[in-house]
């Protein structure tokens with residue numbers, strides 16, 4: 001039976017992936033600093049071993065042969081996803097992969113320097129090289145309508161640029177206008193979250209939030225890293241990290257809840273899928289829908305704070321002077337700002353649209369790398385009404401392009417849209433959802449996500465999944481509804 | 001150049017070893033418990049990959065060809081040690097390795113159950129199997145005088161059973177007699193170390209001890225595990241673990257110092273040796289000499305406590321009521337006890353001799369597995385004057401035999417002897433050593449160890465090394481002197 005052998009091969013690869021992932025996790029969380037230099041080489045060796053097996057001719061034959069056998073639904077999905085991955089890597093010449101690795105590594109160093117020195121020109125030639133290689137890759141991967149489709153498909157399988165535009169356009173108009181509306185609402189601020197909060201207590205608060213969400217600490221753990229992340233080391237081993245800022249309660253708590261959302265997804269994928277091509281989230285954006293769901297739709301709701309208020313006051317008694325409503329307003333403070341990663345729910349997607357439009361134009365030769373700073377600032381002015389004072393806070397703020405991760409940014413926005421669309425369906429399925437949340441019953445939320453989304457792993461493309469779950473294709477309608485509903489309250493409109 | 005290719009091959013192997021070692025470290029320190037089941041398989045896969053390369057024909061050819069090239073001293077040592085390792089594994093049929101792995105794994109489970117239920121018969125058939133396989137291994141490895149030599153050589157390269165006996169016999173007579181003498185000394189006890197000591201404070205004390213020893217925290221870290229250990233993940237990454245018992249200050253502090261001694265050795269091996277056959281300690285016993293040196297000769301000295309007393313009182317002010325002399329006496333309390341791992345410096349080697357004599361007799365068919373409990377108890381009576389009430393506290397206390405690690409126990413004793421012999425030489429080289437230690441100058445100690453021992457890595461066999469360092473072959477004379485000198489003070493003889 002080829003299907004049996006194929007599964008064994010995937011499980012073998014997954015062992016190397018476990019080792020590589022643990023080496024990376026350790027790099028970010030525990031490794032003594034002098035060990036850094038050599039560690040990258042070890043990660044490289046182990047990862048390339050996994051990659052080598054995954055693109056071997058034997059793997060290709062197993063996939064072909066297994067496809068001819070009598071298979072159940074799950075096995076069919078394994079073949080479908082496995083073949084797509086296999087063919088993708090077979091299409092791109094090894095030399096191009098290598099060139100990309102070297103160029104993106106150099107581009108990252110140049111980006112770091114450029115950002116530090118606030119000088120886009122340092123980054124420019126390296127970015128040009130990465131863009132050129134990315135275009136080559138896209139051409140090898142192939143597309144029908146738009147070269148950018150080939151890249152988008154790497155992160156959001158099946159989604160077309162034209163479809164993405166249809167979702168974006170009404171959303172952009174709404175957001176730009178709605179921001180103006182908020183200016184006329186009742187002023188609010190987030191100063192109560194910017195006092196002094198000892199790290200040990202913040203950790204306690206984060207752990208309580210994770211427990212409430214039913215994150216399984218026997219199948220994961222929480223550590224500290226510079227940039228919070230979630231990583232699946234192996235079956236029953238899904239770890240998150242967070243970070244602490246003594247003068248910002250928002251940062252650690254919502255980083256933790258966000259990563260907790262990713263982790264619940266991973267912990268909810270059936271154990272039998274583990275290590276197989278379907279043993280993943282459906283896409284980057286569906287993954288992001290889970291983290292944003294917990295972070296924003298749950299964690300930044302009034303209902304959440306009605307319940308979690310007691311924990312907050314228990315750990316930080318100074319909040320006795322504030323009501324759950326005040327905290328709700330503080331965590332939903334909206335600001336026209338420069339930095340994507342610090343953006344609120346209303347402005348966040350505008351930051352993404354700007355990046356999507358720029359990268360789509362770059363990949364299709366409609367603009368040049370040298371024009372990026374100018375275009376960036378123009379679009380900032382148009383969408384957000386503010387212009388960064390320097391490129392470090394503008395076009396140089398994100399590392400993604402240095403990595404060659406074109407096509408990735410839309411996932412962040414799509415995650416927000418999916419989460420609102422799922423939320424809309426969840427409210428229909430659980431009519432007293434708000435009350436349940438106010439009472440701290442987060443299990444009902446998790447169970448719904450488990451049944452509808454987590455348990456499916458990567459069996460379906462995101463477009464299929466959203467239809468299965470909500471009965472409709474992706475739409476920005478529910479996100480718009482959600483934003484209006486929430487921020488009208490926050491700003492008393 | 002074959003030597004260049006050979007080194008590259010070793011560095012490749014070392015990458016897999018880094019991955020496997022990190023997976024094991026994580027298993028013992030951080031891994032969520034539900035991940036345990038699958039983790040062992042991952043460690044197995046990565047380790048066997050490293051092993052596969054190390055015994056490949058290509059490796060054998062590289063060793064042969066490099067040996068014919070013009071080499072420097074370090075390269076010659078690489079070939080010498082590398083060839084010995086290579087040939088050792090080539091001599092043993094793969095099937096036998098496999099059988100041993102399976103049998104020892106089963107034996108370990110049986111041992112756990114037998115110990116829990118205090119029933120040697122549960123363990124007996126499994127141990128018989130492991131002993132039979134070990135004898136086969138020894139025969140494949142080969143020996144001249146004594147089958148046990150083949151096993152001893154695995155841990156203490158070059159040492160013969162007959163030589164070991166010559167060292168042991170005078171030591172045993174002395175220790176048995178000296179224990180009787182101590183009975184007539186002034187009574188002492190360790191009750192001041194058995195109060196309540198919060199874990200956070202114990203951790204602080206352990207960290208201060210490591211800092212004093214100049215353990216490099218930028219090239220290592222300290223975590224918690226059930227059984228303390230030291231592990232070298234890779235270059236500049238030597239980690240230790242310790243454990244805490246709220247009612248025993250002794251346990252964490254001396255576990256930390258012990259592991260710190262191992263770690264200083266590893267941190268002191270030249271970076272250029274890393275990953276190569278010479279990038280290790282000279283032997284198990286030389287390694288143990290370093291840990292025991294810091295734990296006992298330094299850490300349990302009056303001079304150490306004259307200096308470290310201030311740190312102790314700073315963290316645990318209750319010790320203000322005791323003098324450094326009282327603490328010195330408490331940490332050197334001698335007791336005729338059953339458990340090797342809890343034994344003091346006077347009785348410890350007697351526990352080892354008993355094990356050595358039993359395992360040497362087993363391997364040479366002079367006794368049978370079924371007779372072990374009886375022989376154990378007879379020897380306990382003879383050497384230590386006490387007999388355990390049950391086998392769990394007797395013959396079943398150690399896991400080593402279940403693992404098939406025959407030949408390992410003597411390393412513990414040899415470590416004590418080497419440490420005293422090194423100490424004797426150090427005192428000659430540094431006439432005011434005691435004063436230096438009282439003043440907290442541990443760097444002078446470390447520098448001596450670095451120059452004489454650490455910097456040599458595994459270039460020399462332990463027998464050669466001890467001659468190079470001290471000008472004499474291994475002897476128990478210095479250990480006897482050291483014991484008398486110290487415990488005459490403790491017991492006011």
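Glycine residues also receive a Cβ, built from the backbone N, Cα and C atoms like all the rest.
Keep in mind it's a predicted model, so treat the numbers as computed, not measured.
Annotated active site, proton donor/acceptor per TrEMBL: A:259, in sequence order. Classification of residue A:259 (active site, proton donor/acceptor) by DSSP places it within a helix.
Annotation comment: TrEMBL describes A:258, A:262, A:288 as Zn(2+) binding site. In three-state terms derived from DSSP, residue A:288 (Zn(2+) binding site) belongs to a helical segment. Non-local neighbourhood of residue A:288 (Zn(2+) binding site): A:411, A:412, A:414, A:415, A:416, A:418, A:419, each in the same chain, at least six residues away, with C-beta under 8 Å from its C-beta.
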TODO: Measure from the Cβ of residue A:259 (active site, proton donor/acceptor) and count the other Cβ atoms within 10 Å, all protein chains considered.
DONE: 26
Open item on the list: To see if you understand the setup: which same-chain residues, six or more apart in sequence, place their Cβ under 8 Å from that of residue A:262 (Zn(2+) binding site)?
Closed with: A:230, A:240, A:287, A:290, A:291
Open item on the list: Can you give me the same-chain residues 6 or more apart in sequence from residue A:258 (Zn(2+) binding site) with a CB-CB distance under 8 Å?
Closed with: A:228, A:291, A:292, A:294, A:295
